[in-house]
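According to TrEMBL, the GTP binding site annotation covers 21-28, 46-50, 63-66, 121-124. Among the features that TrEMBL reports, Mg(2+) binding site is placed at Ala33. Marked as domain 'FeoB-type G' by TrEMBL: 14-170. Among the features that TrEMBL reports, transmembrane segment is placed at 270-293, 342-361, 381-403, 415-437, 443-464, 501-523, 535-554, 574-594, 606-627.
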Amino acid sequence: MTGCEEPCGSDDAGRTVALVGAPNVGKSVLFGALAEQYVDVSNYPGTTVETTAATTDSGTLIDTPGVYGISSFSEAERVTRAVVLDADAVINVVDATRLDRDLFVTLQLLDMGIPTVVALNMMDEAAADGVDIDVDALATAIGAPVVPTVAVTEKGVDDLSERLPDAMAPPSTPVADHYDALPDRIEATRAERTLLLEGDDPTARRVDALVADGGESLAADLDRREQLYAERRARVRSLVDDVVHATDAGRSVGDRVGDLLLRPLTGIPIALALVGAIFYLVGVVVAQTLVGYTEGVLFGRYYNPTVEAAVERLLPAADWAAPVEFLLINDVLGLLTIMPQYVVGVLVPLVAAFSLVIGTLEDAGVLPRLAVVLDRGLNRIGLNGRAVVPLVIGTGCVTMAVITTRTIESRRERLIATALLGLAVPCSAQIGVIMGLLAGLGLVWWAGYLLVLLVVLGAAGAVLDRTLPGDRDALVEQLPRLRVPRPHNVARKTRTRMAAFLREAGPLFAGTALAVSALEYVGALDVIVDALRPVTAALGLPASFGRVLVLGLIRRDFAAAGMTDLALSASETFVGLVVVTLFVPCILTMATILEERDVRSALLMWLGSWVVAFGVGGGVAALLGVVA
Ligand SMILES: Nc1nc2c(ncn2[C@@H]2O[C@H](COP(=O)(O)OP(=O)(O)OP(=O)(O)O)[C@@H](O)[C@H]2O)c(=O)[nH]1
Ligand SMILES: [Mg+2]
């Protein structure tokens with residue numbers, strides 16, 4: 001017998017199968033292996049926040065955000081819950097080294113009667129930990145197939161596809177004892193009954209709507225939820241006792257290194273050393289040597305003069321030709337000259353280099369640990385452990401990171417994380433250019449730059465923490481374990497990010513180039529730059545910095561790239577970079593904030609960043625003696 005309405009596996013084609021499980025257990029790697037389609041994989045919880053679907057030989061396969069239970073507390077959970085309720089079957093991915101945590105979802109799925117196959121993943125790490133799992137006993141005990149896998153080496157993946165048609169749930173589970181507590185007249189599936197008992201709001205509302213002709217609401221009974229969860233946790237404990245046998249309790253090298261990173265005394269020096277190494281690699285090697293070559297030689301000496309000569313020769317001597325020529329090859333932001341020079345000559349090498357570095361750290365699981373150490377050392381800034389991940393992702397792309405705040409349960413912390421991202425977290429493209437500019441000045445300036453950002457982050461976080469109503473959540477960290485980065489994944493990640501960067505920044509920059517050139521042609525840019533003169537003067541910067549600010553309205557990395565052309569002193573460069581970093585979020589980030597939060601918060605964040613950018617910039621300028 002199975003839990004399916006019709007015999008399972010009779011009609012394989014057209015089935016929808018969802019990969020479901022806790023965060024960071026390997027769902028996305030399995031998705032890649034089963035569907036031969038790459039989705040982002042990182043060694044920290046919360047990488048996947050939206051579903052990805054792929055068509056396979058046996059139907060549709062869906063990758064979902066990681067969850068610790070099928071419920072509706074956070075946005076990620078709501079997304080996964082909806083997919084589970086619609087799926088014909090589920091591949092429940094569990095971390096073999098964390099069965100005590102992960103089998104909760106397994107039992108919940110089976111209680112709901114969802115046809116399930118369990119992928120017992122990370123078997124390599126379980127073996128390394130000296131953990132021995134009786135797979136057959138586990139399958140018998142839960143009443144569903146269990147397939148051991150190592151997703152990263154694709155071990156067991158074929159078995160998993162083969163067992164998929166056998167997905168099943170036992171016809172009845174202990175939760176059925178509680179069904180009596182529900183009113184008789186409701187029309188609900190076994191899955192919905194289970195969720196109703198657990199006080200799931202959306203399910204209650206759907207069923208309430210069906211029985212709108214009076215009667216009691218089915219709204220959450222919190223005591224019963226607690227009782228059901230406790231019973232399920234007890235079942236998990238006894239399962240683990242029965243099927244898991246530890247043969248050797250030694251701690252792995254990864255765990256020991258991980259502990260070093262978490263202790264302030266060792267973690268902070270390691271963090272500083274890492275930041276220095278990254279600075280050297282990206283700022284000195286790539287920004288000076290490589291970009292010096294691409295920008296200075298390739299574009300400056302060969303490409304630009306050739307294109308300028310060609311455009312001048314090809315355009316006829318007609319009236320309309322002058323403005324066209326100006327748009328194409330002017331020195332401010334010519335569409336065919338300075339624009340590609342910034343994007344290809346400056347941004348691409350830097351974004352690629354920094355993506356490689358960040359990708360490697362992501363794959364290793366280093367970043368969340370560093371963030372936690374910093375977070376502790378720097379007073380808490382009103383955020384819990386989960387909010388650290390979006391901030392870390394922000395150093396890749398702030399827009400992506402705003403979407404990732406969906407994994408945070410509390411609205412208050414989502415708001416704080418979004419505000420901090422918009423305010424003071426520079427993205428990879430920007431950090432690349434900034435490191436390039438600062439490398440010319442020396443490591444001390446780089447350290448100073450990071451210090452300013454950390455102070456602003458800390459202060460802004462503290463202010464938001466005080467002013468926003470509500471309590472701070474406890475610092476709950478689900479730290480990933482340290483792993484040796486996989487070059488293959490890092491390369492794929494970097495390639496995907498570069499493609500996304502070019503897709504997004506290319507057209508946006510082309511549009512900006514046209515608009516700015518047109519403004520310059522009619523003399524309007526000078527008017528704007530003039531209007532900004534009091535501001536630039538207050539910062540002790542030349543009026544031409546006004547142009548950088550105009551670019552910054554579109555994207556902060558454009559502004560940073562625009563600074564490479566200004567002849568500024570060391571302190572002026574520093575002030576300029578601080579302003580550019582704290583200035584308004586990129587327009588795509590703004591669009592995302594509007595979509596994810598609300599108009600009021602978005603507007604406040606946008607205006608607030610003007611205030612903070614010029615306030616902090618002015619303060620730094622005064623400290624450095626830039627302003628007379
Ligand atoms: N050693 C080992 N590592 C694995 C295995 N499967 C996945 N990983 C690693 O585990 C990490 C998480 O993998 P993902 O596929 O991103 O995990 P996920 O379940 O999609 O995570 P979220 O999207 O955050 O819910 C990555 O660093 C993978 O390389 C495995 O079987 N063995
Ligand atoms: Mg994932």
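If you go along the chain as it appears here, the first residue is 1 and each next one adds 1.
Placed from the backbone N, Cα and C atoms, the Cβ positions cover glycine too.
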Statement: Ranked by Cβ pairs within a distance under 8 Å of the transmembrane segment (270-293), the first of 342-361, 415-437, 501-523, 574-594 is 342-361
Message: Please list, in sequence order, the residues in the chain of Met122 (GTP binding site) that are at least six apart in sequence and whose C-beta is under 8 Å away from its C-beta.
response: Val25, Gly26, Asp95, Ala96, Thr97, Val150, Ala151
- line: Listed stretches 342-361, 415-437, 501-523, 574-594 vs the transmembrane segment (606-627), most Cβ pairs under 8 Å: range 574-594
Task: Round to the nearest Å and give the CA-to-CA distance linking Gly21 (GTP binding site) with Ala33 (Mg(2+) binding site).
output: 17
Query: Where ligand 2 binds, which of the binding-site residues Lys27, Ala33, Thr47 are close by, with Cβ under 6 Å?
result: Lys27, Thr47
Statement: For the binding-site residues listed (Asn24, Thr47), most other Cβ atoms within 10 Å of the Cβ sits at Asn24
Message: So if I measure Cβ to Cβ from Pro65 (GTP binding site) and keep only same-chain residues at least 6 apart in sequence, which ones fall under 8 Å?
response: Pro23, Gly46, Thr48, Val49, Glu50, Thr51, Ala76, Glu77, Val79, Thr80, Arg406, Thr407
Field: Beyond the flanks of the transmembrane segment (574-594) by at least 6 residues, Cβ under 8 Å
entry: 398-399, 402-403, 418, 421-424, 426-427, 430, 434, 437-438, 441, 445, 448-449, 452-453, 456, 504, 508, 539-541, 545, 548-549, 552-557, 559-560, 563, 566, 568, 601-602, 605-606, 609-610, 612-614, 616-617, 620-621, 624, 626
Mean of the pLDDT scores, which run from 0 to 100, over the domain 'FeoB-type G' (14-170): 93
- line: Expressed in Å to no decimal places, the gap between the Cα atoms of Asn24 (GTP binding site) and Ala33 (Mg(2+) binding site) is 16
